[in-house]
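> TrEMBL lists GLU55 with the feature active site, proton acceptor. Summarising the annotation, TrEMBL assigns active site, proton donor to LYS155. The active site, nucleophile annotation in TrEMBL covers CYS188. The domain 'CN hydrolase' annotation in TrEMBL covers 15-282.
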Amino acid sequence: YVAAVYEHESILSPSPAALVERRSALELMGRNLDVYEQQVLAAARQGAQIIVFPEDGIHGFNFTRSSIYPYLDFIPHSHSGKWNPCREPYLFNDTEVVQRLSCMALKNKIFLVANLGTKQPCERTDPRCPADGRYQFNTNVAFAADGTLLATYRKHNLYFEYAFDTPPEPDYAFFDTPFAGKFGMFTCFDILFFEPAVNLIRQYNLKQIVYPTAWMNQLPLLSAVEFQQAFATAFNVNILAANIHHPTLGMTGSGIYTPVKSFIYHDMESYGGKLIVAEIPVITTDYKTNLEKTPGRVSEEGKEQSPPYFYAEMMYDNFTFVPVWGEKGEVQVCANTLCCYLNYQRAVLTDELYALGVFDGLHTVHGTYYVQACALVKCGGLSFSTCGQEVTDATALIDFQLWGNMSTPYIFPLLLTSGITLDFADHMGWKNNYYFLSKNRTSSGLLTAALYGRWYEKD
């Protein structure tokens, strides 16, 4: 099928904390929706059957709970699949944004997914009802090609979003299409947690995901395109990921991903939006990656020459590292119950320091979640203290096999090359109790090769 995602440079309110009338809120959102309208038309002309827009694309961000209120549409949460806002605009008040999105889908005969803020009045008798008498949700909406509202999803894992409430229960949102079956839906930070993302995919055996996001890149392990790709690979799904484009805030990185191929956009230099359209196969069956050969165990002799361990902060976590020196070799590094092993060979010895790092613990900055990671990274400079820094360029071409005795089945294989481009492993998967990732000769200089494990039970 043909899919489109649009990375949108949102027109932002100059003072999001100021209280405004609904009229001026609609005026600002209308300017963003004008851009959406052009992009839907452009995508439809290229044969796209579905288009996905980013999180916060219509209203922007940095609101307070009260200042976002004029920007919120009303959406009846239970009405999914019965209401066509374009054809029945009078059913509910405060649905101007939803109506416009519905009409874009109808006019261009395209399935459309977008993100907006919504409100829902609640009863004083509801113990969870906020003091102002309403819930405010960060919401995705999906429309059929005839403009019908098919599904809504209220974001569960909020990322410092004080304007919004967490829904009482996780939403498991998906919708059906004639061209690719069921699509599941979740938002941004949700991708790092079991609920609802992983549970949704497993319970409903979903193979296509739509993913609006407003993601601030963090190298070396959580760049948007890097993690989106890893998720598609880990769960054997197609992902249509739309991010917003604000390079000054570190926000860029959208794509259309299959488990074996990606069409991505990552640009921290220029301004303006970007439409990606790609034809991708519908995934129907599960395929398992096979490992052709078991790697050699790290030999016991020669331990006395083993390179020095050192500690450095990476992604706000205290990683234990070992340097990766010379043309080829085998190294290992352990922390808690996790041991990481690396066999490597460099094509040419370059003047760059690489290190193999391990972290097995609770990550606590900008969210709390348990990580088990084995990561081969290029360091920022030549001293150990630069390992873990954000690096975007590299020249070293390295053949490697990386493996670890991970305690969780949820492993995201990361493979990032120079200029924030993606590569695909030759082999990956489980062998005995080890997870492997191997690659002969990356397409360009290696930035990061990592096994990023999420041990959900220990969050």
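From the backbone N, Cα and C atoms, a Cβ is placed for every residue, glycine too.
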> Looking only at the domain 'CN hydrolase' (15-282), report the model's average pLDDT.
97
> Pop the Cα-Cα gap between CYS188 (active site, nucleophile) and GLU55 (active site, proton acceptor) into the table, whole Å please.
7
> Test of understanding: give the count of other CB atoms lying within 10 angstroms of the CB of CYS188 (active site, nucleophile).
25
> Between CYS188 (active site, nucleophile) and LYS155 (active site, proton donor), how many Å separate their Cα atoms?
8
> Non-local Cβ contacts of the residue listed as 'active site, proton donor' (under 8 Å, 6 or more apart, same chain)?
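Residues satisfying the criterion: GLU55, PHE137, ASN138, THR139, ASN140, GLU161, PHE164, PHE186, THR187, CYS188, PHE189, ASP190.
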> Please work out the number of neighbouring Cβ atoms within 10 Å of the Cβ of GLU55 (active site, proton acceptor), leaving out its own Cβ.
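If we count other Cβ atoms within 10 Å of GLU55 (active site, proton acceptor), we arrive at 28.
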